[in-house]
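One structure is given here, and the rest of the page talks about it.
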Amino acid sequence: MNPYILTILLFGLGLGTTITFASSHWLLAWMGLEINTLAILPLMAQHHHPRAVEATTKYFLTQATAAAMLLFASTTNAWLTGQWDITQMSHPISTAMITLALALKIGLAPTHSWLPEVLQGLDLITGLILSTWQKLAPFALFLQINPNNTTLLIILGLMSTLVGGWGGLNQTQLRKILAYSSIAHLGWMMLVLPFSPSLALLTLFMYITMTFSAFLTFKLNKATNVNALAISWAKTPVLTSLTPLILLSLGGLPPLTGFMPKWLILQELTKQELAPTATLAALTALLSLYFYLRLSYAMTLTMSPNNLIGSTPWRLPSTQPTLPLALATTATIILLPLTPVIVASLKF
């Protein structure tokens, strides 16, 4: 892609998200979401592969549906209450519709089925943008409306953690596994959003850090399926030994960073006298942990002389910059001891 066009598209991505961040009027927020969507579509279809074009079409239709639903819900709210302010969502019907529209935008269950299919058709860098940056603007709207329908959010959260764990069990494609991982993590954020928005925001940042390191690891190894992971030790032995820690951190296994948000969320749910909800969420986390363990096994314990369903790649030096990967990997693995400092700074 022409670097000038790429710069314009990345600027459009940043501009759309910033407009949504700064808006207090529903029409302005909707405009920011549309700029954001239109800016990423050429990035998704840049390789002109039929699978990428199909993924781009699915993404466009899904986002257009969510945007139309959001516009309809905000218009309904203005008709019923006489104001367009995002923070003044008082009518339960409008709030429920906007919650479902934003759930469709970010891929919460039960409106999740587009996310694995779309992510599977993209290259790893565009998939990284879709899994991280594209979640920020809808999540900012979630924080601003602060929906008072706690039951709806808890149902969406529990369904997402269950679907995210269950759906990833039988997958062999890494991008689909990361898509189901995204669904599960978003479910955890929705569970705690009505009670502690700052904790939900911390969970989002931790998820972005861990997903960033996972995507960059797979990009460095040029791995798109589980079989390709098994021969990565021949190219990057040090990174191969660290990757299981990244994956287990995504699964929330102590003493890694990913345990921090889940631990704090379970603690907050227990404080709110929602022990059954916390128990169900913890049980669904075991499903996610299982397929992360499966990836770790494929990457570190499946070695020669085992017969592998994959050809040994050429050991060419990588041109990918490794500093972002090093910083993200460090944060993914060893941030847990700083939990008291983070908790104190956010003032939960």
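Glycine is no exception: its Cβ is also placed from the backbone N, Cα and C atoms.
A TrEMBL annotation is a machine prediction, not a hand-curated record.
Copied over from TrEMBL:
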type     : residues : note
DOMAIN   : 23-286   : domain 'NADH:quinone oxidoreductase/Mrp antiporter transmembrane'
TRANSMEM : 57-80    : transmembrane segment
TRANSMEM : 92-110   : transmembrane segment
TRANSMEM : 151-170  : transmembrane segment
TRANSMEM : 177-193  : transmembrane segment
TRANSMEM : 199-218  : transmembrane segment
TRANSMEM : 230-254  : transmembrane segment
TRANSMEM : 274-293  : transmembrane segment
DOMAIN   : 289-342  : domain 'NADH dehydrogenase subunit 2 C-terminal'
TRANSMEM : 325-346  : transmembrane segment
*Taking residues 6+ outside the transmembrane segment (57-80), which of them lie with a CB under 8 Å of any CB in it?*
26-27, 30, 33-34, 37, 40-41, 44, 89, 91, 93-95, 97-98, 100-102, 104-105, 114, 117-118, 121, 130
*CB contact flag for the transmembrane segment (274-293) and the transmembrane segment (151-170), at least three pairs under 8 A*: yes
_Averaged pLDDT, computed only over the residues in the domain 'NADH dehydrogenase subunit 2 C-terminal' (289-342)_ = 76
*Sequence-remote contacts (6 or more beyond its ends) of the transmembrane segment (325-346), Cβ cut-off under 8 Å?*
198-199, 202, 206, 209-210, 212-213, 216-217, 220, 239, 242, 245-246, 249-250, 254-260, 263-264
_Distal contacts, the transmembrane segment (151-170) - CB-CB under 8 A, six or more residues away_ = 96, 99, 103, 108-110, 112, 116, 176-177, 180-191, 193-194, 274, 277, 280-281, 284-288, 290-291
